[in-house]
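Trainee: From TrEMBL, here are the annotated features:
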DOMAIN    25-77  domain 'Myosin N-terminal SH3-like'
DOMAIN    86-778  domain 'Myosin motor'
BINDING   G180, E181, S182, G183, A184, G185, K186, T187  ATP binding site
REGION    613-648  region 'Disordered'
COMPBIAS  616-627  compositional bias 'Low complexity'
REGION    657-679  region 'Actin-binding'
REGION    1017-1053  region 'Disordered'
REGION    1059-1078  region 'Disordered'
REGION    1106-1138  region 'Disordered'
COMPBIAS  1118-1138  compositional bias 'Polar residues'
COILED    1163-1190  coiled coil
COILED    1216-1281  coiled coil
COILED    1331-1420  coiled coil
DOMAIN    1515-1793  domain 'Dilute'
Amino acid sequence: MKRQQKEPNTIAKKQEEKIDYEVYCQYTRVWIPDPEDVWRAAEIIKDYTEGEPILYLKLEDETPLEYRIGPKDNALPFLRNPDILVGENDLTALSYLHEPAVLHNLKVRFTESNHIYTYCGIVLVAINPYEQLQIYGEEVINAYSGQNMGDMDPHIFAVAEEAYKQMARDERNQSIIVSGESGAGKTVSAKYAMRFFATVGGSANDTNVEEKVLASSPIMEAIGNAKTTRNDNSSRFGKYIQIGFDRSYHIIGANMRTYLLEKSRVVFQAEDERNYHIFYQLCASASLPEFKDLALTSAEDFIFTSQGENIFIEGVNDAEDFEKTREAFTLLGVNDSNQSSIFRIIASILHLGNVEICSERDGDSCHILKNDPHLAHFCQLLGVELEQMEHWLCHRKLVTTSETYVKNMSRKQAANARDALAKHIYAHMFDWIVEYVNKSLHTSSKQHSFIGVLDIYGFETFEINSFEQFCINYANEKLQQQFNQHVFKLEQEEYVKEQIPWTLIDFYDNQPCIDVIEAKLGILDLLDEECKVPKGTDQNWCQKLYDRLSSSVHFQKPRMSNTSFIVIHFADKVEYQCDGFLEKNRDTVYEEQINILKASKFQLMADLFQDTNKDSSISTSSSSKSSRVNVRASKPTPKVPNKEHRKTVGHQFRSSLQLLMETLNATTPHYVRCIKPNDEKEAFSFESRRAVQQLRACGVLETIRISAAGYPSRWTYPDFFNRYRVLMKKSDMTVGDKKLVCRNLLETLVKDPDKFQFGKTKIFFRAGQVAYLEKLRADKFRSACIKIQKTVRGWLQRVRYQKIRKSAINLQRYGRGYMARRYAEQLRLTRAALIFQKQYRMVRERRDYLRVRQAVVTIQAFTRGMLTRRIFQEFLLHHKAMIIQKHVRGWLTRRKFRRARNAAITIQCAYRLMRAKRELKQLKIEARSAQHLKKLNTGMENKIVQLQRKMDDQTSDLKTQNEQLVVAKASLGSEVNKLQKELEMMRSRQGDGSQLTSLQDELEKLRAELQEAHTHMKKLEEKHSNEKMGLEQRVEELDRENSMLKSEKEEMNRRILHHSKSTEDQESSASQSVGRVQAELDEERQRYQNLLREFSRLEQRYDNLQEAKFQPGHKRNNSTQSSLESDSNYPSISTSELGDTDDAIQLVEEMGVEKAAMDIGVFMKLQKRVRELEQERKRLQVNLEKMEDQVNCKGIEPKTTSEQESEDLAYNSLKRQELESENKKLKNDLNELRKAIADRASQNSSSNELQDGYNLLLGQLKAANEELEVRKEEVLILRTQIVSAAHQKEETTNQIETNNVPEWTNSKKPIDKEEAVRAYHGLCESKKLLEAQLQSQARKHEDELAAFNTQIELLKDDIEKKQEMLNHTMSLSPEAQVEYSVQQEITRLTNDNLDLKELVEKLEKNERKLKKQLRIYMKKVPDMEVSLTAASSQPTKAKPQLTRQVTVQRREKDFEGMLEYYKEDEALLVKTLITDMKPNAVSATVPCLPAYILFMCIRHADYINDDQKVHSLLTSTINAIKKVLKKNNNDFEMTSFWLANTSRLLHCLKQYSGDEAFMTQNTAKQNEHCLKNFDLAEYRQVLSDLSIQIYQQLIKVAEHMMQPMIVSAMLESESIPSLAGVKPMGYRNRSSSMDGEGPGSYTLEALIRQLGQFHSVMGEHGLDPEIAGQVVRQLFYSINAVTLNNLLLRKDVCSWSTGMQLRYNISQMEEWLRGKNLHQSGAVVNIEPVIQAAQLLQVKKKTSQDAEAICSLCTSLTMQQIVKILNLYTPLNEFEERVTVSFIRNIQNRLQDTNDVPMLLVDTKHTFPVLFPYTPSALSLETLHIPANLSLDFLTRV
């Protein structure tokens, strides 16, 4: 990399070293400098030769001009680009790259085409239109999403999509750097970029993070934006927003950093400027009741908001903006209390500005008027002492080494201190809000990558430039340096990628300028040094700058000033005034005033100033842990009055800027340069002088210069071949290699090899070479035209000439014939001589050849043998060397392995040591946690008792020791007295001195022992007292902790109760809203179908969540199984899976954002409860079915004796009665259960009571069921015995009467026999009953065992979850543990409430089912009575004969079109016909065969009057179809197959329903097949909804398959060869992010073939032609929408040739519609806009008649679309004319009166409502044949 320093304003004027003077010839167009327009167009009227001093020009107004050329005058002017290149999307596509070309291209695009975005290499240039444009809607976002950057027109969305795509592809963080001066549109551009990310990368878990990210914008605009003379919404701070994404690239959070808030605006505004918006918003809303205590009035009444003399902004309503600000605060989680505190602080700043400070007579002191209302309001709002604030506003404290004293301040000093305090408060509030916003946007999830959006101030220069402008320009110097290096790097990568020789490029390096500012002893260092000087002044600092930096070329001293300095920046020279630099850099606030604010009684105000070491003007605010560093002093430093020992503003800004640059360098940058076109804010007005200043300042021209220094124009080989093949020769066109053809052509056309380079995929050209090639191409076309004219004229002359020629030919023919015959004779003679010579020479040469060949073969044989032996010897040597190498390498490898193993062991030891230290640290933290203290407190009472006992024991020991000491003391005293007496006696007896001395010594020794005993006793007493005090203190501490824990427990209970009540309120409100939504669903077909589509999406998402959640340890219930188990009679809730999904989704909506964290837990609990209840219901259902089967079997099974029949009939009758009584009992139990649950739910006092109530109810229900079973069996036994006894008695009586033989003597024996028989039968019956009881008990035990196993599994899962929760809880801090426990308790209560609610619903469903069964049995009772009567009246022996006769009759019946199956075969039927069905299995049979078979099974269930069978089969069918479609959600064939079958089943249910409206086209036989017993209208509605969902899925699948084909087939493929032209491409097309990775190109034939495949598949499956026509219609709408949207967003396809291609493509598609007989389906109407757009590209666009024709032609296009196409229209060669601006304005004026909806892009997601017309089938069910390959042998034809 080679850097060069040069003047920034002369960058664009660099000329090439070799000037081609030949191009400066007559008619060449050039650019010359102009003082007003910067550059002006002219034309050369005389050829210029090298060395001439004057260039003769002609201006555009035909004015002649003599332009002087010379080293002292002017260089040769810049050349203009061809008209074909004017208006390009990318400035780097221009052939001549220089400043006037860039400026002219931007002006043409902005003023004529109204295009505000233009690419300049990697930079997006955005010009502020000062008008709202309809180019930022969601449809535009969808159009740019997923597209390559060079494929669409320039847009901020294209840059955002490029960043998003590169983040996903390269897994590298991205940054979008938006810069520009005030009013250029930086904030709006950054806002739209964030809106794009929020739309494309929305959050995956409905946490609405993207809405919070967008909601931060109005807050930051309110507190950080203000009106300036240049911009009504100018950002007065810089910000860098990091939007975080997870691994799925969904937004999970965001973070914001801010830079250099303009605090001076709080206290001062220039004329016609305003303070920050929040002040005016609050004043505009001061009349609201909640703001009465702020004592605010109009903004004109406050000094801080009225200095600009204009408090309003045109078109802005401050009160409405304030409501938006408050809504944003609420969305980000700022509660009402904090909002109120923020507004109090803002109001207090306004009151502080109105505090009047009066000067005293001496002028050195001042005071505040008594009873100043504004000071009182200020102190009241902030909660501070009025007297103290009043005192310290006028005084300051000075601290010296010896004393501290208070000094008065002058009025000016006090006013400055007041203003500094106001700025300080606002800056701290700003930082607090930013930090709170970051907390709201912060996420606990792991961030995978991020995209940063930098909205920062551009280069600024005013008449008076101060410290703020210096910091802003310093930041722009750093950003410009990074920009230059990145541009240079991209150019280098492009050259290396294409393997082009890389030559060093000079580019401007501003590092010397940056060194002047930030290097050692630079401007910032000298400023910080002067701030440390006690009496430093701005003048002294300025003088130091002159002394130290005068030698730098980037620093100058003004001639007329000693208090300012000049810095030569990359964009311009800027003169800075030194006044105020030191004060702003220090940012001094008096400590006494801050201390008063710290003592505020409002928590928020006190929190703002708690950190005394925190900088008062924080230049960056971030809650990110990675970028936040807390710096603390190593030791406390003494406070100095009136100063705070902290970093200066300049130092902080430099540090934050360095951090920003590190972040940007670690990401891939994308640049957006915003340009302000004029200072008057006029819409689409372009001032060249203002624009060129900004282009120079923002680095756009530097990008152009770097590109122009290399090879700016780049063409791919195919594009170059297609564009310039007219310059090739016919022989070159035959070569297959296009690269070789291009090489040969360029080497022929361009003689200088340095003008171009050949890369791997592209050709690189120097600047101007494309224009030269275009000139050659135009010359070629001109010569071709001339050649055509010449040929025509020659043909005319040739006709005349041929008449003369014809006569001459006849004469020549005879002469030539004679000459030819003579020549032929000579040829024959010559040929014979040659043959003789040939044969002789051949024999001679062959003999010589054979001799030489034999010699050569002999020599080769010996030579090859010698070479082979040499090779063998070398092979042996190599083989031996390889053996040696093998052993050596093995030894080396083993040694390396041992070293690696030792190193690994060492690393493992170190790592285990580190893990052990971490665990030790964690254990210490757990030991200090609140949970540990609770565990310690568990046995604290026992410890207290033990300590009390220990203290009592020590007290008793002490008493014992004291008694012993007293006894010892008494004994020692008596001993001393005794010794004294003996001493006296000894003295009296003997006068010996030695004995006296010994006695005295002994006395002293005894005294010492006594003293030592006293000391030991005192120590014991002190030790005991200390231990006693310590134990008492410990007891008191434990008591306090216990009381504190009890209070916390009570507080948590109160919060839980409050939360449960609020949950109930939310549930009730949510249920009401669901009712309203349900009412709206029935109003409109389109809305209903859209909701069905949304329901399907939510159901799919719910299933995905469940699968993802339960994949590790749980398994979902089979949807088919759950559908078979459904009990409901209402179709919309016939499947448990469907209902549970709706409930779960509704529950998530009811819970809201605050409880979104626990939504997955609720889903898990709900799903688990559903499974339990389904298992319970299944068990009851199985029992009921078994009982019914037993009853049926007993009723059908013939008995051999009349006794068995009568007993079975009696048993059945009693069983029926028992069922009726059981039903009544269940109803009563259910009513009692509901009452109990309602009572418990109304109480809802605590979680323990709820759980106890729930367990109590379950226990009562279980006990009642058990008792009912026992009593039922007992009653059955007794009643059976009674009935059998009565029956036997009647038979005996009848037998006696019939025989009429009174044999009294023998009567006893038969009676005994009969009694024995009766006893035997009673025993058999008892045996049966006992067996039934045993079987029922066995089944009951099995069910209980299964339930226990299920419960064990659930308990295991619960234990695992609790273990995970416990581990998670232990890792949290004590405060977080309390919050987490409260959250878990709330979740548990919510789950319990849901369980109870679900239990009530399931019990009500069971009740409805039992009622329905009761009604069925009641209907069957008369039939059973009739059958019993008939059975008793007919002989017993006739019954088997009757049964056999019925059987014979059924065998002889004809097939009635019904299929019978057993209930247990239902799952197999569904599996065979739906789950495992493949469309090709029934392709050779009747279309929609599965639908017919299913309907025939439904008919049989209706025929036998089995409603449960009908309900179960239909429910299973619907759920199985859903399951199959979910599994094959991307299979068009499978979706079409089931759409056809579902619609056919729906038509069958209508055709055979019995309704007269559906029977008009039926045959007599079909009318006989109608349903007899059930009305399935509700199921028809369910099937209709299912058909709509399948249709929507079919459209979705088809559109997904066609989406990548539409643009390529309709707009890019050459259906008419050699028609499309190619234009020069810019950087974006040359280096797209998806270069080489784009999808393959599709032709129109491929698209039509795909449509044909769709249509044929639908026809094969028997789909109704009307539905197939609607599918084609929807697909043609999608083709129209995608094609038209791309046409409106791509300049390269808006040409005459594209219109021709498009019109041809549309005609081919119309031909396909006619061939398929679909031209009446409405598909042609849907592509009418594309047809008119193609015609618009082809018609003339010059005169007013053309405009009128266009208006009458394009009736399906809106005015915006017509104008957009005309603006984008691009001629492909210079023979075409551009569309003039006046013509476009004429079109707009003509179309203004139309009432079209202002729409630019077509809605690609629009779906037409589908209609399923009733189409009855002519097929008779009895003629249907079921193929054997379906394996439906279990079905019986009836």
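Placed from the backbone N, Cα and C atoms, the Cβ positions cover glycine too.
TrEMBL: automatically predicted annotations, no manual curation.
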Trainee: Would you say which of the binding-site residues G180, G183, G185 has the most Cβ atoms within 10 Å of its own Cβ?
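Mentor: That would be G180, with the most Cβ atoms nearby.
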Trainee: Just how many other Cβ atoms lie inside 10 Å of the Cβ on A184 (ATP binding site)?
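Mentor: Counting Cβ neighbours of A184 (ATP binding site) within 10 Å gives 25.
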Trainee: I'd like to know which of the binding-site residues S182, T187 has the most other Cβ atoms within 10 Å of its Cβ.
Mentor: T187
Trainee: Same chain only, sequence gap of 6 or more: which residues have a CB within under 8 Å of the CB of K186 (ATP binding site)?
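Mentor: Residues satisfying the criterion: V178, S179, G180, S235, D455, I456, Y457, G458, C674.
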Trainee: For the recorded ATP site formed by G180, E181, S182, G183, A184, G185, K186, T187, which further same-chain residues have Cβ atoms within 8 Å of the site's Cβ center?
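Mentor: Other same-chain residues near the ATP site: N128, N231, S234, G458, C674, K676.
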Trainee: Which whole-number mean pLDDT does the model give the domain 'Dilute' (1515-1793)?
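Mentor: Averaging the confidence scores along the domain 'Dilute' (1515-1793) gives 84.
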Trainee: For the region 'Disordered' (1017-1053), what does DSSP give as the number of helix, strand and coil residues?
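Mentor: So the counts come to 37 helix, 0 strand, 0 coil.
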Trainee: DSSP says what for the region 'Actin-binding' (657-679): how many helix, strand, coil residues?
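Mentor: Taking each residue of the region 'Actin-binding' (657-679) in turn, the totals are 9 helix, 8 strand, 6 coil.
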Trainee: What is the number of other Cβ atoms found within 10 Å of the Cβ of E181 (ATP binding site)?
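Mentor: A 10 Å sphere around the Cβ of E181 (ATP binding site) contains 24 other Cβ atoms.
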Trainee: May I have the DSSP-based helix, strand and coil counts for the residues of the domain 'Myosin N-terminal SH3-like' (25-77)?
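Mentor: Secondary-structure composition of the domain 'Myosin N-terminal SH3-like' (25-77): 0 helix, 24 strand, 29 coil.
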